[in-house]
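Read through the structure below, which is laid out as structure tokens, and then see the notes.
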Amino acid sequence: MDQFWTHCVEALKKEIPAQQVKLWIEPLTVVNYDEDTGSLAMAAPNRFKLDWVLNNYGGRFTELASEYFGCDIDIQWQVAARTAPNNPAGSHRDSGGPPSNPTPAKTAAVDTLRRDEVASSVYERSRLNRDLCFSNFVSGRANQLARAAAEQVAANPGVSYNPLFLYGGVGLGKTHLIHSIGNRLLESNPHAQIRYIHAEQYVSDVVKAYQKKAFEEFKRSYYSLDLLLIDDIQFFAGKSRTQEEFFYAFEQLIAAKKQIIITSDTYPKDIQGMDDRLISRFNSGLTVAIEPPELEMRVAILLKKAEQQKILFSEDVAFFVAKHMRSNIRELEGALRRIMAFASFHNKPVTMDLVREALRDMISVHHGQVSVESIQKTVADYYKIKVADMFSKRRQANIVLPRQVAMYLAKELTEKSYMEIGELFGGRDHTTVLHAVNKITELRNQSAELNHALHVLDQTLKG
Ligand SMILES: Nc1ncnc2c1ncn2[C@@H]1O[C@H](COP(=O)(O)OP(=O)(O)OP(=O)(O)O)[C@@H](O)[C@H]1O
């Protein structure tokens, strides 16, 4: 048996990098070989490693064993018994005798090690980031609905809102929130089968399964989940095979009351190149937006992050930064990192002057850069109308609304007067602009869709 194991390791060393052999192959054990039945029992230290070895080298081990023993070998794979010593393959495989009696202290240490190993294997398998949790997710008006829905789903997966569809612009906390759901569920049920996957990765997994003709395996690995978190689903656009595969997984999981959570940068029906069947499925649970954070929330986030990193940050400074960094939370984090680096480089405390200096480029980029022309172009693109219609006299509703939106944004984001804006919109009167601004202000309070569109446009324009 020793020789058989050496044969396997030596063969695999020629086929895969040494580091992988060390990580995945060496921890395996040969439990037993039954000559009469041609059956070989092999074990991996945990389920995660077992799945990996089976998926990647199950067939190869069968070949190696058949080659070595000169007959067809059927390998029975299993997870090593938790009480068995965690020896590498070959060192205890034929012992058959009782395990040596470890001292209680040793057993406790081994148990802790194993618990950690199990815990980290659970995290590895789920691809969850433990650092993204509810406790460090700052709430405010912009995300409170999304957070409430997320907490509800974490407490009752598969029951309350299924799927939960979260949408919002870049860097607003969608990824953070869905990891929080996964982490919360793992705390209450460490055995839950959870997978976080970015849509781009899913697309590439579909391609790989297609190339390897391993669709059954691919399907199985998704159909057995309790919680599937799929991020940035807009990346499925135009990928019909991926969409088809996802459609089946979706139907299967929902029918089995397993929870699905999806994020996207936009409302389901606005995702371009997505199958209508999927869009209607996305809307069949709960769809919630995460909006860009308002000033007070940006301040709260800065203070929280500064506190986590043990930096002394006054409220005045936080207000100053938050006033200038308006588009998203990733940008706020970037500003904070820059301030920290600047303070540490110059060995100075974080004062208002230091912050002004540290963020000089970032602040100037955000000031006075938006022109009325770029607003007209961006809004026209967003609503898929011609830029020329911004100046035209056409009165169709599908043109009037975008034009009024553009006027509203021109007033919000530039220093121009009503009269100047009217001039730039085909020589219109200032009262027309005033009317547009009032109308959009009123409408945005009534329509979540318009409010979202304005946030997206605002973010796009500020880059
Ligand atoms: N409410 C919040 N409280 C604390 N940190 C937050 C919050 N929202 C976002 N963040 C942090 O901001 C950063 C960006 O968030 P995240 O990656 O979740 O955004 P996203 O909406 O998924 O963006 P993208 O669409 O680009 O993937 C992360 O570091 C995240 O931890």
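Glycine too: its Cβ is placed from the backbone N, Cα and C atoms.
Copied from TrEMBL, the annotated features are:
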| type | residues | note |
| --- | --- | --- |
| REGION | 1-106 | region 'Domain I, interacts with DnaA modulators' |
| REGION | 84-110 | region 'Disordered' |
| REGION | 127-343 | region 'Domain III, AAA+ region' |
| DOMAIN | 160-291 | domain 'AAA+ ATPase' |
| BINDING | G171, G173, K174, T175 | ATP binding site |
| REGION | 344-463 | region 'Domain IV, binds dsDNA' |
| DOMAIN | 371-440 | domain 'Chromosomal replication initiator DnaA C-terminal' |
According to DSSP, does G173 (ATP binding site) fall in a helix, a strand, or coil? coil
With DSSP as the yardstick, break the region 'Domain IV, binds dsDNA' (344-463) down into helix, strand and coil residue counts. 88 helix, 0 strand, 32 coil
Looking at the binding-site residues G171, G173, which one has the fewest other Cβ atoms within 10 Å of its own Cβ? G171
Just how many other Cβ atoms lie inside 10 Å of the Cβ on T175 (ATP binding site)? 18
The predicted model's mean pLDDT over the domain 'AAA+ ATPase' (160-291) is 92
For ATP, residues beyond G171, G173, K174, T175 with C-beta within 8 angstroms of the site's Cβ centre include exactly G168, V170, L172, H176, L177, T263, I290, I329, R330
Just how many other Cβ atoms lie inside 10 Å of the Cβ on K174 (ATP binding site)? 24
